[in-house]
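Features as listed in TrEMBL:
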type: DOMAIN; residues: 15-250; note: domain 'Sulfotransferase'
type: ACT_SITE; residues: Lys24; note: active site, for sulfotransferase activity
type: BINDING; residues: Lys24, Gly25, Gly26, Thr27, Arg28, Arg105, Ser113, Lys230, Gly231, Arg232, Thr233, His234; note: 3'-phosphoadenylyl sulfate binding site
type: DISULFID; residues: Cys213-Cys225; note: disulfide bond
Amino acid sequence: GSPPGPARPGTKRLPQAIVVGVKKGGTRAVLEFIRVHPDVRALGTEPHFFDRNYDRGLEWYRSLMPRTLDSQITVEKTPSYFVTKEAPRRIFNMSRDTKLIVVVRNPVTRAISDYTQTLSKKPDIPTFEGLSFRNRSLGLVDTSWNAIRIGMYAVHLESWLQYFPLSQIHFVSGEKLITDPAGEMGKVQDFLGIKRVITDKHFYFNKTKGFPCLKKSESSGLPRCLGKSKGRTHVQIDPEVIEQLRDFYRPYNIKFYETVGQDFRWE
């Protein structure tokens, strides 16, 4: 055992902001980008408290958090919260003032990305097409498959709106996060009520990966790109399958746009 170092200043606090979704939307990028901000401290791992570990209690959850000064915001991210029925009520019971960030992207692309990730871990799973449809010739989409279900944003959002006003939920465009990271992160900083410190000068575009990376951080002096699993080449899907899924998602997308007052242009 090494002798204890100097006590870290600050206090472990329950998060004031949570990135609640969605899987394969760009949540890791948002977390990595926002933690560059001096007024933000973020938990690096996903605690899965409000879906899998709730019985461990709030004190256990708090113990995982980074120490913060009074001027700093604590943030965590667990993208599966958005589709977890109990999560809105549980977060509300922790604090009705919690700010929620949801990173969304075209549900068809998201589903393919989700499948690609699973395939890399389990190479013998059925085809994307086989999992997407209960009956393809009838165009019956299998909404019980998680990769499809997650993209029905309007459905999941209803549970959140029973507990939180829209003003407390900020939607980040996964597409714009790639094309204009500084613009999207500017809005996130505004939403969190912190100064716009993260700007264009923090990013450069990595052509190999196909998305933005952070320029060197003060501490390490090295550029920070997301891990190897990010920017994987997607599985090639039959264009007709993509068209059928677009048709399936269209009414959900339109309802989602209308509810949040924002057109994400996924059509």
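Positions of Cβ are set from backbone N, Cα and C atoms, glycine also.
Cα spacing between Cys225 (disulfide bond) and Gly26 (3'-phosphoadenylyl sulfate binding site): 13 Å, rounded to the nearest whole number. Cα to Cα, Cys213 (disulfide bond) and Thr233 (3'-phosphoadenylyl sulfate binding site) are separated by 17 Å. Listed recorded positions: Lys24, Arg28; maximum Cβ neighbour count within 10 Å falls on Lys24.
Within 10 Å of the Cβ of Cys213 (disulfide bond) there are 21 other Cβ atoms, across all protein chains. Cβ neighbour count within 10 Å across all protein chains ranks Ser113 highest among the recorded positions Ser113, Cys225, Thr233.
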